[in-house]
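The structure appears below as structure tokens.
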Amino acid sequence: MYDADEDMQYDEDDDEITPDLWQEACWIVISSYFDEKGLVRQQLDSFDEFIQMSVQRIVEDAPPIDLQAEAQHASGEVEEPPRYLLKFEQIYLSKPTHWERDGAPSPMMPNEARLRNLTYSAPLYVDITKTVIKEGEEQLQTQHQKTFIGKIPIMLRSTYCLLNGLTDRDLCELNECPLDPGGYFIINGSEKVLIAQEKMATNTVYVFAKKDSKYAYTGECRSCLENSSRPTSTIWVSMLARGGQGAKKSAIGQRIVATLPYIKQEVPIIIVFRALGFVSDRDILEHIIYDFEDPEMMEMVKPSLDEAFVIQEQNVALNFIGSRGAKPGVTKEKRIKYAKEVLQKEMLPHVGVSDFCETKKAYFLGYMVHRLLLAALGRRELDDRDHYGNKRLDLAGPLLAFLFRGMFKNLLKEVRIYAQKFIDRGKDFNLELAIKTRIISDGLKYSLATGNWGDQKKAHQARAGVSQVLNRLTFASTLSHLRRLNSPIGRDGKLAKPRQLHNTLWGMVCPAETPEGHAVGLVKNLALMAYISVGSQPSPILEFLEEWSMENLEEISPAAIADATKIFVNGCWVGIHKDPEQLMNTLRKLRRQMDIIVSEVSMIRDIREREIRIYTDAGRICRPLLIVEKQKLLLKKRHIDQLKEREYNNYSWQDLVASGVVEYIDTLEEETVMLAMTPDDLQEKEVAYCSTYTHCEIHPSMILGVCASIIPFPDHNQSPRNTYQSAMGKQAMGVYITNFHVRMDTLAHVLYYPQKPLVTTRSMEYLRFRELPAGINSIVAIASYTGYNQEDSVIMNRSAVDRGFFRSVFYRSYKEQESKKGFDQEEVFEKPTRETCQGMRHAIYDKLDDDGLIAPGVRVSGDDVIIGKTVTLPENEDELEGTNRRYTKRDCSTFLRTSETGIVDQVMVTLNQEGYKFCKIRVRSVRIPQIGDKFASRHGQKGTCGIQYRQEDMPFTCEGITPDIIINPHAIPSRMTIGHLIECLQGKVSANKGEIGDATPFNDAVNVQKISNLLSDYGYHLRGNEVLYNGFTGRKITSQIFIGPTYYQRLKHMVDDKIHSRARGPIQILNRQPMEGRSRDGGLRFGEMERDCQIAHGAAQFLRERLFEASDPYQVHVCNLCGIMAIANTRTHTYECRGCRNKTQISLVRMPYACKLLFQELMSMSIAPRMMSV
């Protein structure tokens, strides 16, 4: 790798990295990783794979469209009509483009798409070859170059995005934030993320024990062809439980049966083998039990052999299977043909769907039975459903490929239908008109916009929530949303197993960041250095194995399997090998040199089971580890020195991987390596814990995800506290992105004076938390001063708040567009006038300009009009001509939210996709911290503001420092957030020392003792306690108080957004009860439990007032004779009950309107509730 003279400069021992050096060196390695990969690389790579490979593959895989008209029998002799063949070939994708209404294309910039509610998508073109074959003439080929077939939404910052590869300066000129990571789509102006979906790995054999079922054990294999549109077909091989439901319990032991796709009943396993053409018992057993010297296993198979004794020929077996699958009443030949089809095409398609795959399928089926028997005999552990090696994650690539495949199929179907019409009339057809470009464009747009993943027509089968609106509250919440994983298990299931933190998640998934409540443990987040494979072709590996003396299944004698090692590639058994040790070494060497084998391929050698499994598929989660050989890191000082200079010498992370110093290890392979936690473990010790290390962690703090990496000293907190902070960190206010002033987000909170924390973790620099922080370093005292901070509330310094402490601004955008609803109904922006407009509200319309929009800088308050819009009323035919109507228009303006006030910040008028006038208005309001607002430290210690005291009323130290925030001492003991206290100490040291404190987890260099000693060097109390003086009296407070700087966050939950009360107001139409919810000025529900309390109190009048007078009072007239509601005309005072012919005996009854409604609904179902008045 290096020249000889270069090697000479570095003495071998001198080049080793010592543990002390590693403290800094590991962060250089990690920085190089993030410089190259960023935080959303897994999204971008997956999308690029889709665009560059999958789309072309899907188009090529589609069979050519073959069309021919029906033969015409008009002229006597039958002439063969011409055949038309359409083949789709090379595809082209252009850069994202927008066609204005006048038809001029222009490149579309992402920010323009956001502001104008466009979709950021690129046009897709394809070459089509059209061949016309007429009898007696030579065929005529026409090439249709670059035919437009639809638009594909483009992921921001991917290869085909216009922002790809631009410098920070260029990005700023395009109004884009250089820190924005990309990895999302823009659909109709809103940003959408594709959440990675978890699924079980396909083509792998699992064996599970069945509880409470007729089977004791089941082996399953979800078989699926690589890159194919066919759905997965699962095959189950099960062993019946002892003493099953069968009648003859004693006669036959535990039989083994298979459940085949499209076959209704289960089929005895031996019959399946005979149907595959393996007839003699010995042949079959050779494929199941490789070693005949194993009496236990032979016994297990005996019952199955006895059961299938009646069927000895292949055709009889096929007939047996066919009669259980085909429609009843078809001939024997048809049944046999059907069974052959099922066995060839539907059973284990990943082994092969062509002819002559019987041997391979028999071997694979035999392997499944073998695994089942091993599990039944207790020689091999059962598989674990929650093991992360058995899981795959579907990212943007596979998800979009699944969608595009369906859309493309529909497109071809439409082309065929369109062309057939013309051909049947004997005409030629126009290809451009035959292609409905809307199918692909709208199909992809629909799924990305709604999150229903699948065909729009079958919306109920589709998965929901795959695509979500990108969370833009804080920068951390955006990053975290782009790295989220979702398990599609029903949220209502109370299953604990899939929600638990599994051992295999170490380093792949963050242990702290998961939501609380019903989705806990089902929604996860990627750890910082985890990466998801995009998949590569297995063909080079298969060719390599052929060369390296792997014996193919077709060519071996079954006896050879017993002592050889089986080789699986992507779950498919491809052959056996006699020297696995050497083979694995060669494969590893190739992967480390990145020769033939891509670095993300994983190879597992299971020594005990004699198997080598190689995986190249997409969606495996993996992470980089340092390679150790002979107890020494392969990473040397020279690599570190080159990385330090990486701005100048272009030496990057990729070079580390290429030089075989670092490699990617996935969850399955991680179980076969020996991992050292730190290079310190590799040092020669008296008693070595292990002398066979193969890999070493880069840094243990990389097991955390985005939100947990912001927590200082998370290893000193009780674990649920870290989980709480991970959720709250997403609600903190800060600067969510640097171009917020040119964006029109529906909601946005921006803190006035955010500060970077005094106490940071090393991981923060990769999350850009220093550039875009979300909080303020506040002086925090822990005391119960005046007692206004009980129950998690905090006392705040009023003077600090007046100086701008935690002040924030809140932006809300309103949007509206003109449109034509019909030929006589059109909407226009204008200032409505009371003379011509119907339905104008009692609101102030004077603030509008003549164009119907409000001007920037105007102060607006609840229910003011911000966008004036009218819609023309349709003319009524029955009106006489000449009579001019009073109203010609109806008002449909947009009003400010009732509970908000603010200043109009920005008004934007433009044209949208359809060319209609379209406007967005942004209103800003200043939010000053007040009593009831929510704050939190970075340790899950949340609290609301209980009271604000002026600075002169706050306690002060002898140096004259007053705290900004006072929290209650009771918040600490039971919650055990020691990290909070250490952060405060470290912050005190940092403020004195003038440098940033390091609070990275699992860091032995920093501990409480060291921080305390530093603090006492500066003349403070060892543990941060100080003497405080009472602000009211000036006397010394008897106890010492813990005080120091702590980083606090302001959360988005503010009193102004929650305060709500109502006296009278709008009611629902159906039951005349008050509306629900603050936005509709609704009432407060007096529920069942409140009602029960009042009944227990015996407060009857109060109860009546709440549930009747204050809700929906109503009066009805009731006939005294039959008790049914009577007809009453209150104007003429005439009352009658038609049924009883009674006009006199009628009473007035008061009852809730909802009760009257119920009675009438019952009457409609011919149940008569009679109200007998007494």
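Quick reminder: no glycine exception, Cβ is built from N, Cα and C everywhere.
According to Swiss-Prot, the protein has these features:
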BINDING   Lys409  DNA promoter binding site
BINDING   Gln456, Arg1078, Arg1085  DNA template strand binding site
BINDING   Gln731, Arg841, Arg890, Lys942  RNA binding site
BINDING   Asp792  Mg(2+) binding site
BINDING   Cys1119, Cys1122, Cys1137, Cys1140  Zn(2+) binding site
MOD_RES   Ser937  phosphoserine
MOD_RES   Lys1052  N6-methyllysine
ZN_FING   1119-1140  zinc finger
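With respect to Arg890 (RNA binding site), the closest of these recorded positions in Cα terms is Arg1085, chosen from Lys409, Lys1052, Arg1085. Sequence-distant contacts (6 or more apart, same chain, Cβ under 8 Å) of Gln731 (RNA binding site) comprise Leu473, Thr474, Ser477, Leu1051, Lys1052, His1053. Here the recorded positions are Arg841, Arg890, Lys942, Lys1052, Arg1078, and the one whose Cβ sees the fewest other Cβ atoms within 10 Å is Arg841. Cα spacing between Cys1140 (Zn(2+) binding site) and Arg1085 (DNA template strand binding site): 40 Å, rounded to the nearest whole number.
Considering only the binding-site residues Lys409, Lys942, Arg1085, the residue whose Cα is spatially closest to the Cα of Cys1137 (Zn(2+) binding site) is Arg1085. Residue with the densest Cβ environment among the binding-site residues Lys409, Arg1085: Lys409, by other Cβ atoms within 10 Å. Of the recorded residues, Arg841 (RNA binding site) and Asp792 (Mg(2+) binding site) place their C-alpha atoms 44 Å from one another. DSSP classifies Gln456 (DNA template strand binding site) as coil under the three-state reduction. Fewest other C-beta atoms within 10 angstroms, among the recorded positions Gln456, Ser937, are seen around Gln456. Checked against Arg1078 (DNA template strand binding site), the recorded positions Lys409, Ser937, Lys942, Cys1119, Cys1122 differ in C-alpha distance, with Lys942 being the nearest. Per Cα geometry, Gln456 is the residue among the binding-site residues Gln456, Asp792, Lys942 nearest to Cys1122 (Zn(2+) binding site).
Counting other C-beta atoms within 10 Å of each candidate's C-beta, the binding-site residues Cys1119, Cys1140 are led by Cys1119.
The Cβ neighbour count for the residue listed as 'Mg(2+) binding site', using a 10 Å radius over every protein chain in view, is 16. Put simply, Arg1085 (DNA template strand binding site) is 33 Å from Cys1119 (Zn(2+) binding site) when counted between their Cα atoms.
Around the Cβ of Cys1122 (Zn(2+) binding site), a 10 Å sphere holds 16 further Cβ atoms from the protein chains shown. For Gln456 (DNA template strand binding site), the nearest neighbour among the listed recorded positions (Lys409, Asp792, Ser937, Lys942), judged by C-alpha distance, is Lys409. Taking the mean position of the Cβ atoms of Cys1119, Cys1122, Cys1137, Cys1140 as the Zn(2+) site, the remaining residues of that chain whose Cβ falls within 8 Å of it are Asn1120, Leu1121, Gly1123, Ile1124, Ala1126, Arg1138, Gly1139, Asn1142, Gln1145, Ile1146.
Around Cys1137 (Zn(2+) binding site), a 10 Å sphere centred on its CB holds 23 further CB atoms from the protein chains shown. Rounded to a whole number, the distance between the Cα atoms of Lys942 (RNA binding site) and Lys409 (DNA promoter binding site) is 53 Å.
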